[in-house]
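J.: Can you keep this structure in mind? I'll have questions shortly.
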Amino acid sequence: MGLQTIFRAVIMGPPGSGKGTVSSRISQSFGLKHLSSGDILRANIQAKTELGLLMKACIDQGQLVPDDVISRLILSNLKTMDHSSWLLDGFPRTVAQAEALDTMCSVDTVINLNVPFDTIKERLTSRWVHLASGRVYNIDFNPPKIPGLDDVTGEPLIQRDDDTPDTVSRRLKAYENQTQPVLEYYRSKGVLETFTGTETNKIWPHVHAFLSKRLSGNQQDTGKA
Ligand SMILES: Nc1nc2c(ncn2[C@@H]2O[C@H](COP(=O)(O)OP(=O)(O)O)[C@@H](O)[C@H]2O)c(=O)[nH]1
Ligand SMILES: Nc1ncnc2c1ncn2[C@@H]1O[C@H](COP(=O)(O)OP(=O)(O)O)[C@@H](O)[C@H]1O
């Protein structure tokens, strides 16, 4: 891959597998721009846009929002990032969405975080988020320096309305039924890289090594692991 080449990556995995956590490490280490479908939807809900209000009921029930709505939203965001390398988190979540993305560009690599469902359930009920930035915390794994407040801005953290045990179960079902087929889709294209484990800190060095290799000569690695 030559200099200036744009690198397009997708990160996948069930809810709570650590996509947001690993994405922020990737963007810090490799400078890819992080675009999270969940963060964009929550920003719309927070700002009470028409779209946000329409989508809130779906999200709070642990269902996926309609393919056409999310595809339009994400593709229009990606168009504004035409000249930079990016990492897409939370999209595509259905084969129809993956096909919609393919009409715009091809994906260079798909990082699949394969974390067992049992591990995930506990994490999500103890997740705290800073809505404006998408920064995630966990009372056990990475607590904020001051309880209840974001480390960077000092603003209050919230718990997501969809991080309750019942809704988490429904989200995991949606993942099995609708999102797992996307893994097959990318496997058949030869771009799927799966990382298996129960701890982000053990998975991360493998992701870092993989991307260092893929991006060598292409991106500037800031050296932060
Ligand atoms: N106990 C534990 N919690 C983790 C680990 N990795 C991430 N978390 C936390 O688990 C929750 C889900 O992680 P997140 O990155 O938001 O996952 P996503 O839903 O796939 O984007 C957050 O509260 C994280 O802080 C880990 O290795 N162990
Ligand atoms: N690509 C998408 N297609 C459909 N619904 C989506 C998509 N991305 C996000 N959502 C909606 O937003 C919710 C939260 O998504 P996200 O923040 O990515 O959750 P998590 O990080 O826990 O997997 C999903 O449960 C779903 O309702």
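Heads up, the Cβ atoms here are built off N, Cα and C, so glycines get one too.
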J.: Looking at 126-163, 164-201, I want to know which stretch TrEMBL calls region 'LID'.
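T.: It is 126-163 that TrEMBL describes as region 'LID'.
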J.: Quickly jot the same-chain residues contacting the domain 'Adenylate kinase active site lid' (127-162) by Cβ under 8 Å, restricted to those at least six beyond its ends, or write none.
T.: 16, 20-21, 24, 34, 36, 38-39, 42-43, 46, 59-60, 62, 168, 171, 200
J.: Kindly point out which of the binding-site residues Ser37, Arg127, Arg160 have a C-beta less than 6 Å from some atom of ligand 2.
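T.: Only Ser37 meet the Cβ criterion.
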J.: What is the number of other Cβ atoms found within 10 Å of the Cβ of Tyr137 (GTP binding site)?
T.: 21
